[in-house]
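Listed in TrEMBL for this protein:
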BINDING   GLY18, ASP19, ILE20, GLY21, GLY22, THR23  ATP binding site
Amino acid sequence: MPRNNSYSHPLPFPILIGDIGGTNARFSILIDVYAEPKEFPIIQTADFATIDEAIQAGVLDKTSVQPRAAILAIAGPIRGEEIPLTNCPWVVRPKAMIKGLGLEEILIVNDFEAQALAIASLTEEHREPIGNGNEGMTASKVVLGPGTGLGVAGLIHAEHTWIPVPGEGGHVDVGPRSERDRAIFPHLEPIEGRISAEQLLCGRGMVNIYQAICKADGKPQTFRDPAEISSAGLAGRDAAAAETLSLFSTYLGRVAGDLALIFMARGGVYLAGGISQKILPALRRPEFRAAFEDKAPHSAMLRAIPTYVVTHPMAALAGLASYARTPSRFGLGTEGRRWKG
Ligand SMILES: Nc1ncnc2c1ncn2[C@@H]1O[C@H](COP(=O)(O)OP(=O)(O)OP(=O)(O)O)[C@@H](O)[C@H]1O
């Protein structure tokens with residue numbers, strides 16, 4: 001039975017659920033425990049000066065349902081009464097939002113915490129397996145998502161509860177291992193003396209890898225944009241772009257394997273973020289999984305761990321909805337980030 005912990009006091013329905021990224025904000029309303037969430041069109045954050053205006057115009061003006069509570073996932077640290085978003089000028093002011101939007105309560109969580117909530121119960125139709133692992137184990141999991149940055153969270157399974165562990169795992173060190181890495185790494189620009197995973201495994205990171213390959217080989221740089229590199233690489237139109245995807249997959253596999261070791265993630269490692277879905281054919285090739293398993297003396301353990309690409313179009317919203325329905329399934333700490341009117 002799920003334990004009733006001090007964090008599990010349910011929020012009152014209807015609950016407004018929001019996933020606020022740097023570019024896009026996605027919302028839905030959960031009428032009650034049983035109903036499917038009512039989804040609203042994706043909002044471009046640049047179209048509204050404040051998040052409160054965006055919710056009013058993009059959600060509340062489009063429905064007769066008045067939510068009593070809100071759960072919002074945002075990119076950035078959650079501290080204090082004014083919470084600025086990373087990569088977007090919006091600031092969340094929970095007390096003013098409660099008053100302005102007629103809510104009773106607001107809970108704010110980290111965007112990768114929401115991704116972690118989502119992977120607790122993603123079904124087959126919303127994930128694509130990469131390689132062979134032992135499916136279906138109820139055990140700790142990890143989610144990492146290359147997008148604008150590299151988000152990481154663990155999901156610990158303990159005492160019949162899923163406990164999301166957000167952190168800054170995207171900023172772990174990455175070093176060269178192969179002969180080819182040793183030729184390319186000198187052309188990557190360190191930040192304060194080091195190369196972190198996020199410098200390689202996000203949109204900007206893909207460009208960094210591509211540029212380093214071109215510099216190492218003394219070739220001109222044709223592309224400036226990650227989408228151009230991935231489409232040329234996937235189509236096999238450009239050798240440097242194709243190698244970029246191969247190395248991106250290798251480095252992602254290495255970091256994913258390290259995180260699996262850290263969290264003993266026998267329940268699986270999940271690749272979220274916008275880029276994983278877009279480069280899925282590259283991740284299906286051998287490099288990602290080979291690098292993931294290449295963790296002597298624990299390769300046997302890694303071979304048994306399944307890896308997936310999250311294909312759910314609104315995974316974070318789905319995660320928040322499962323939390324809203326049954327908070328007692330999750331050990332989600334809410335101190336300092338739950339406000340009442
Ligand atoms: N086809 C593609 N191949 C590789 N990278 C891409 C592609 N399309 C977009 N990107 C890069 O993906 C990054 C955006 O990632 P993502 O779509 O996950 O957004 P995000 O970080 O979740 O932010 P938001 O939630 O605000 O949209 C950008 O750096 C962008 O340049």
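Keep in mind that glycine also has a Cβ here, set from the backbone N, Cα and C atoms.
Note that TrEMBL annotation is computational and uncurated.
All features noted in TrEMBL, drawn onto the structure.
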| residue | record | contacts (Cβ under 8 Å, 6+ apart) |
| --- | --- | --- |
| GLY18 | ATP binding site | ALA25, ARG26, PHE27, ILE55, ALA70, ILE71, LEU72, ALA73, LEU317, LEU320 |
| ASP19 | ATP binding site | ALA25, ARG26, PHE27, LEU72, ALA73, ASP111, ALA114, MET314, ALA316, LEU317, LEU320 |
| ILE20 | ATP binding site | THR45, ILE51, LEU72, ALA73, ILE74, ALA75, LEU85, CYS88, TRP90, ASP111 |
| GLY21 | ATP binding site | THR45, ALA75, ASN87, CYS88, ASP111, GLY147, THR148 |
| GLY22 | ATP binding site | THR45, ALA75, LEU85, THR86, ASN87, CYS88, THR148 |
| THR23 | ATP binding site | GLN44, THR45, ALA46, ASN87, CYS88, THR148 |
Query = Whose Cβ lies within 8 Å of the mean position of the Cβ atoms of GLY18, ASP19, ILE20, GLY21, GLY22, THR23, the ATP site, other than those residues?
reply = ASN24, ALA25, ARG26, THR45, ALA73, ILE74, ALA75, LEU85, CYS88, ASP111
Key: Contacting binding-site residues, sequence order - ASP19, ILE20, GLY22 vs ligand 1, Cβ under 6 Å   = GLY22
Ask   = By the DSSP assignment reduced to helix, strand and coil, which category contains ASP19 (ATP binding site)?
value = strand
